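Annotated features in Swiss-Prot:
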| type | residues | note |
| --- | --- | --- |
| DOMAIN | 286-482 | domain 'RdRp catalytic' |
| REGION | 249-256 | region 'Promoter-binding site' |
| MOTIF | 187-195 | motif 'Nuclear localization signal' |
| MOTIF | 203-216 | motif 'Nuclear localization signal' |
Amino acid sequence: MNINPYFLFIDVPIQAAISTTFPYTGVPPYSHGTGTGYTIDTVIRTHEYSNKGKQYISDVTGCAMVDPTNGPLPEDNEPSAYAQLDCVLEALDRMDEEHPGLFQAASQNAMEALMVTTVDKLTQGRQTFDWTVCRNQPAATALNTTITSFRLNDLNGADKGGLVPFCQDIIDSLDKPEMTFFSVKNIKKKLPAKNRKGFLIKRIPMKVKDRITRVEYIKRALSLNTMTKDAERGKLKRRAIATAGIQIRGFVLVVENLAKNICENLEQSGLPVGGNEKKAKLSNAVAKMLSNCPPGGISMTVTGDNTKWNECLNPRIFLAMTERITRDSPIWFRDFCSIAPVLFSNKIARLGKGFMITSKTKRLKAQIPCPDLFNIPLERYNEETRAKLKKLKPFFNEEGTASLSPGMMMGMFNMLSTVLGVAALGIKNIGNREYLWDGLQSSDDFALFVNAKDEETCMEGINDFYRTCKLLGINMSKKKSYCNETGMFEFTSMFYRDGFVSNFAMELPSFGVAGVNESADMAIGMTIIKNNMINNGMGPATAQTAIQLFIADYRYTYKCHRGDSKVEGKRMKIIKELWENTKGRDGLLVADGGPNIYNLRNLHIPEIVLKYNLMDPEYKGRLLHPQNPFVGHLSIEGIKEADITPAHGPIKKMDYDAVSGTHSWRTKRNRSILNTDQRNMILEEQCYAKCCNLFEACFNSASYRKPVGQHSMLEAMAHRLRMDARLDYESGRMSKDDFEKAMAHLGEIGHI
């Protein structure tokens, strides 16, 4: 049956008509081809905003550097990055006065957390630039290659288990005259072809030792790899994002943790909270502003937009901020916190794959890798690219990278930049004029509230705020920010009008079928609808329609229409046969051609549980048979997580309940990867998985604790098994003979 999607809005209050204005249903745009152009754009723009700063050449890397701090004050409304350090420090002093003890407490907590953080913290995170192979790898792999390569250079800090000794190794590695590391080289072998004349050339990946000089190593350690940001809606042009290497990650982690401790205690910060907690914080801020409004006065709200937030910020400001925040901390911790901003102010951007050019006859295409961009005549590029390359020239390094000292890349210091934004909001007033401002800040997004006796004074306040921000290197966009009376604004895609407007249109893209497997998809679909009823004000009629839409979508995706429907097809043939031979047809899962019995009352129950008592015994036996090879019991234990992609903002993790049945299959990975140099990675992964399974067999999950101390996994397991064996022997569950055998085995293992 066809359902009109506008039924989704049957019982929604009028303000929520905002939901109808989001045309975000289809697939978002993905990038393809080279991202080099976007990265070069970022490099050029960032330098343009800072071009009146101090220019010099780095003693270490030989790169062209620009320092815009304390640069000339702007004379127009164009974006500029000339933050005045004394203004930044004064804003932080005011924050310190308003929140006595906050900086000390945050520093103390961050320091204590750092002392107990282990190296494995760095395995969290997605792609990481791996300096040994000069491309992105999963975070755990990049950490592993770094640690194994460090060992070749007598840097064994990681073996102590803590993050601090590993970070000490990173600092030491920057001073080594040369670094040895493992890289992967393809060795070509000529083999006679079996089925025809001639030879086959076979590539065999080999792990080889390689070495690079100090300068080359430092350049790699400071490199950020760049990609194009995917799935960004509502923009014509794509933009570049960056991935830092493992050397930078450990230091950034600590600074961000420090900033997070501060943000948690600032009422103006929209981070690190989210969801309903964030809404409560916002509502409080609005109520507070309205209650502070002078009698007969007016309260205005600016829905703010900052121009190029990241590109106008500067690592040197962040250095000043960490120094100020950690003022009362031990010197070693202050030094530790200063490393991330220092590394960032010397960062180098890798430019990606390079450009494609075509021959004059348009017959041949060639990819020009980044190191060779300037080795071919500029006339060969189109006009747009030619203009870009001319501007890039002063900052280009011969390895095909670009020096990028000013500016921050996307997503690197979200928390610390939020602290800077809140510092601007916390000033409240300049020169005791007759207005007061306050607001909310979440990374680059802000909302500004201004109270005053009349509209003109409010405007005066907004202009003063604009100028204050300029002094901190923040550029509020006059074109894109708009002002209303308080009570109606938007902040981080939450629309406020006398309360938060329900806006589930943002979630519409995630209402589809997730594509994990039939069992998980049903659970995820229902959980999303349930969550939207709880969090986004989705009404009952709407939810009922959403269930029907989802079931229709699910049946089309998995070609599992009802057994009594007229749909033809390979799978339908089997489903119809099952339908004919089943007595309790209500007990068939939707994936097996059964009816849908979900409604608003039972959304939270997994389908197998819901239909359990309606199933035929034979069907139930097949569906849930533990020996059935399709019942993936290991992969599902209680709660699972899925990645959900809303129309805006980052991918969200979502928990759902799942019961394991024959529909909980897991897909096999792509086989073509087995012939590449990543094969070693897969073999290592499998080895780790086996180790972890063995460890879990020794320690049941109830006895997991964060590892403290210097035991290896092997010693811990041997120790645990000895204890278990002794308990079994003493209680009579184990014979003397078996006990002695077990102890002998463990004795051998313990000495490997």
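Along the chain as shown, residues are numbered 1 onward.
Every residue gets a Cβ built from N, Cα and C, even glycine.
When the motif 'Nuclear localization signal' (187-195) is classified with DSSP, helix, strand and coil residues number 0 helix, 6 strand, 3 coil. Residues of the region 'Promoter-binding site' (249-256) grouped by DSSP class, helix first, strand second and coil last, total 8 helix, 0 strand, 0 coil. Helix, strand and coil counts under DSSP for the motif 'Nuclear localization signal' (203-216) come to 3 helix, 11 strand, 0 coil. When pLDDT is averaged over the region 'Promoter-binding site' (249-256), the result is 96.
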